Amino acid sequence: MEVTCLLLLALIPFHCRGQGVYAPAQAQIVHAGQACVVKEDNISERVYTIRESDTLVLQCLVTGHPRPQVRWTKTAGSASDKFQETSVFNETLRIERIARTQGGRYYCKAENGVGVPAIKSIRVDVQYLDEPVLTVHQTVSDVRGNFYQEKTVFLRCTVSSNPPARFIWKRGSDTLSHSQDNGVDIYEPLYTQGETKVLKLKNLRPQDYASYTCQVSVRNVCGIPDKAITFQLTNTTAPPALKLSVNETLVVNPGENVTVQCLLTGGDPLPQLHWSHGPGPLPLGALAQGGTLSIPSVQARDSGYYNCTATNNVGNPAKKTVNLLVRSLKNATFQITPDMIKESENIQLGQDLKLSCHVDAVPQEKVNYQWFKNGKPARTSKRLLVTRNDPELPAVTSSLELIDLHFSDYGTYLCMASFPGSPVPDLSIEVNISSETVPPTISVPKGRAVVTVREGSPAELQCEVRGKPRPPVLWSRVDKEAALLPSGLALEETPDGKLRLESVSRDMSGTYRCQTARYNGFNVRPREAQVQLTVHFPPEVEPSSQDVRQALGRPVLLRCSLLRGSPQRIASAVWRFKGQLLPPPPVLPAAAVETPDHAELRLDALTRDSSGNYECSVSNDVGSATCLFQVSAKAYSPEFYFDTPNPTRSHKLSKNYSYVLQWTQREPDAVDPVLNYRLSIRQLNQHNAMVKAIPVRRVEKGQLLEYILTDLRVPHSYEIRLTPYTTFGAGDMASRIIHYTEPINLPSLSDNTCHFEDEKICGYTQDLTDNFDWTRQNALTQNPKRSPNTGPPTDISGTPEGYYMFIETSRPRELGDRARLVSPLYNASAKFYCVSFFYHMYGKHIGSLNLLVRSRNKGTLDTHAWSLSGNKGNVWQQAHVPINPSGPFQIIFEGVRGSGYLGDIAIDDVTLKKGECPRRQMDPNKVVVMPGSGAPRLSSLQLWGSMAIFLLALQR
């Protein structure tokens, strides 16, 4: 019955079978890149090892229907400093020149909406070996009461690698081992992870002054070669020592040229010098040459720490730092502090008053303050005190304190900051003290408490400050914790009380606080007010686009909903059909007025004329947004079934193949029933397509439909387009590319022929113990300079696209060289098998073609089953070889090179089947006649008659 079903499947071009083939996604990860090794640590742990800078290729093989969508994600590995995720929506993940930080666990997530998603993972281990670093440390200790000293040297070798490196220490060319003698010790320091090894030379002896090599190895994993570093230890080896040509703190005036020299005072080997600057890089124009640093025309922005570092891998690096200070004065501010003891916030006669002055200076401690009253220097007295460092204010702040304020103390006070003897200009600020000097108040102008603007427009928030003097206004946000102002600052100063915002966005909406500053005015509790900013923006609706399918004659309801907007309401809704304005929907009773958050349109019955694009434009008086509906009775696209087992079926003695195309119909009940499908078949790289109509009966959801594509040419690929048709007309088209793939040549009840058209060559492999390999080629890939008068011009089919396997016997091949092509391993399930194949042996130097059977029952044993030698003419001939393996076996085609270069041998169309070979062998000298060459064929009626008789015999 199984054979009957298979034959019926082949005879009937189309049929429907099965229900509910929808299946959840299944996934499996395989590698296809430059992997060193893939280890299976346990059932759930797979490790993919790859060398750094190689190409990572992972494939997620999926099954399930509909075809699952694949997404790759990654979590951080050991070399990554933080969690990271990358998404790749493709079945193949490819990373060129992979870096160590890209190691980690990769997840393949496959989902198709049926059941739960399938998630598989694999850990990618990136292997690398950096250059080792060797440092030398020396210690000297007193022994036996200072009678003599012991000198101990530590050679520390560090390397970054994965996997952990193996360390080999050498003195000269001799390898050192742990405790080799009393003077040598090798150990791993504490708190290291295998990346460091120390060679300790105790009580240094004359023979210890030598060349030492640290060789690191990862045991050639991934082909990574060993690396080494060498150090020459002498009795003059010493760490670096430095001194500077200037003081550690260097104060200069702006515009001067600065030169600092870093001088070596010791070190063997000769140390390397390096200049750096913090924070940031060296200034533009700065020149570091050896130990000399030059900065022309220095400016205030060039202030900072300049570091000179000397290294020679002996001891610790030597470092000297110069703190460069470029004199500058900026940001002069003052404060008026009423009598703090009496907690007063106003200036009153008879109470104390303090005026403070501060300037941001470099160097801060060198600034000099002077106070003036009404243009004359202020003189200290019992009632007028001047302090340089007020402990209640920022460092180096000068204060002038008036005790028991009198009317005569009113006037204009000026604070001047300077660097005596420096060309830096003085900086001054003045404050007027009078009966009109009052603390500030702040308020929001009338009508400005709420500011409403459209998104993208400028906005201005304003607070008015009254008082004398008027301090700056500081702005901040209130309603959002830790929120920053549009400028990126948490607090922004405005001199006129106006906060100007350019091109506001919706996230700028909220409450803003304005408050008085405690500088350049009264040093009292800040006064504050609030301004509300409202940003209006156009509405956002859903769905922005929706595909609505419905059968003809059924009602349709279209709804456009408001998601967000400011204001959050629908002011108007306008419907259009194919660009034409529709009349407003009928007015509903007051109790059923449509809610303000959506708009609806009802179609009583869908017709061909009412199918098309509908637009709903929703407005909130600020802007509008559109819902787009594509309404039709079109059928959804077919869903190709990709899990068909062995969809490709090749035909013996021809270069045609058939393909089993299977699919389901997506949501068949959503529209009118599918009447037929239109199938378009186009060979890739060609323009013409063949179109067929496939009638069907009522299609159920999940029902698997099938059609066998015949007369496809090996090894071409085809584009398949499938379109469903209903009473409405053509539905959505689905397309896919089908490729010819040869199955692994497993013996079965039916003949299974390998044409070598696929790169996988049916699972055949090249033997690793022979002298050279078989080559797969066709007439299009032949070497134009190949030897004439040998080898076939085409394969057995006579088409230029057809492939075959052959041995090239030109140089450097020699007499007796062997090439072996080994089949997959077969499990013997029958007593007899027959191996059929075509061979081509043409040329005066033809050697031998042998067929061997490799038995793997008890060990490995190769047995000769067939052999042929010499020139057999420029024709393809067929051989049938019976074999009777006793257990699992492989067949081997062995080509042996003859006495010269005119000895190419080819094979094609290898078939392995159960049972005995045909008793009547084909004449080995008879040319095989291919289809289309004029050979007689059975008519279709004769074929049907023979098949019918065969089916009746099977049923009996």
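Each Cβ is built from the backbone N, Cα and C atoms, and glycine gets one as well.
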Message: Quick test of reading the record: Swiss-Prot lists a disulfide for CYS415. Which of CYS357, CYS463 is on the other end?
response: CYS357
- prompt: Which of the listed positions, ASN90, ASN257, does Swiss-Prot note as N-linked glycosylation site?
  reply: ASN257
Message: Going by Swiss-Prot alone, which of ASN247, ASN827 is annotated as N-linked glycosylation site?
response: ASN247
- line: the domain 'Ig-like 6' (539-650) resolves under DSSP into 3 helix, 57 strand, 52 coil
Message: Rounded to a whole angstrom, what is the C-alpha distance between ASN432 (N-linked glycosylation site) and ASN247 (N-linked glycosylation site)?
response: 44
- request: In three-state terms from DSSP, label ASN247 (N-linked glycosylation site) for me.
  value: coil
Message: At a 10 A cut-off on CB-CB distances, which of the glycosylation sites ASN235, ASN257, ASN307 has the highest count?
response: ASN307
Message: Among ASN247, ASN432, the glycosylation sites in question, whose Cβ has the most other Cβ atoms within 10 Å in this structure?
response: ASN432
Field: Nearest-integer angstrom distance between the alpha carbons (Cα) of ASN247 (N-linked glycosylation site) and ASN307 (N-linked glycosylation site)
entry: 13
- prompt: Under a three-state reduction of DSSP output, how is ASN235 (N-linked glycosylation site) classified: helix, strand, or coil?
  reply: coil
- request: Write down the Cα-Cα distance for ASN257 (N-linked glycosylation site) and ASN307 (N-linked glycosylation site), rounded and given in Å.
  value: 18
